[in-house]
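*Asks:* If you scroll down you'll find the structure; I have some questions about it.
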Amino acid sequence: AALREGYEHFDPRAYLRNNYLPPRADFSSEEFVVPWKLRCLAETFASGEIRGRTLIDVGSGPTIYQLLSACDHFEEIVATDYLAVNREELGRWARGEPGAFDWSPFIQHVCKIEGRGEPWQDKERRLRARLRRILPIDVHRPEPLGAPLRPPADALLSAFCLEAVSPDRAAFQRALAHVGNLLRPGGHALLLGALGESFYLAGPARLPVVPLEESDVREALAAAGFALRELRSYAMPPALRTGVDDVDGVFFAHAQK
């Protein structure tokens, strides 16, 4: 209940400014956090192993960067978020409305690291075409979408969601198991999340986060019925500790149900 109340004050634009503009969204070096996240995803999807009909993005927030490498490998991408303001922000971008957040530097960078010489506008059009549904979700319910996804998703992606909406590690573990219900057996899960973070700011909202260590991520995945394939971590450098959170680092996990 306290978490829900806090999120009523969540400001998507403030969140985007804090995390997806410079200094954090600096593409001049792979040492910065946003290029690191994009490379983790690009390299994992480049294997060609993670593909299928549907990918579900759990807790998309107001962001689409996490879907840029995924959109080449799935017929449909389903974005989800608990907050209507985030779903509205996503919808503005998907429809190409004036005033939507400018993700073009992210798209250009992903095209560069994927190295296929593709015009970035083609990737932007493809993601918009495949982002067909933006749905409400509550990861604390055993059926997060209110009903089973039919057919189940071939892959699951979630970036900076579960640890930010769970009051403790046990709730984080349960939420991971709940979203795992959306995935078919053998399906792949890709997680990006915060390490050692206890709060973050989004406008007037100061939101609590479960401080996770790598061992917590491993334990939660195992308890939720996932086999861990890869776990990477990134230490947040002093220059990117801007006061909008107290994050120590970021993890990237690839697991299979």
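The backbone N, Cα and C atoms fix where each Cβ goes, glycine too.
Below are the features listed in TrEMBL for this protein:
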type	residues	note
BINDING	Y15, Y20, G59, S60, Y65, D81, N86, D138, V139	S-adenosyl-L-methionine binding site
*Asks:* Assuming the binding residues for S-adenosyl-L-methionine are exactly those in the record, Y15, Y20, G59, S60, Y65, D81, N86, D138, V139, what is the maximum CA-CA distance in angstrom, rounded?
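*Replies:* So the maximum pairwise Cα distance among the S-adenosyl-L-methionine binders is 25 Å.
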*Asks:* Quick one: of Y15, G59, Y65, N86, V139, which of the binding-site residues has the smallest count of other CB atoms within 10 A?
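*Replies:* Result for the binding-site residues Y15, G59, Y65, N86, V139: minimum number of other Cβ atoms within 10 Å at Y65.
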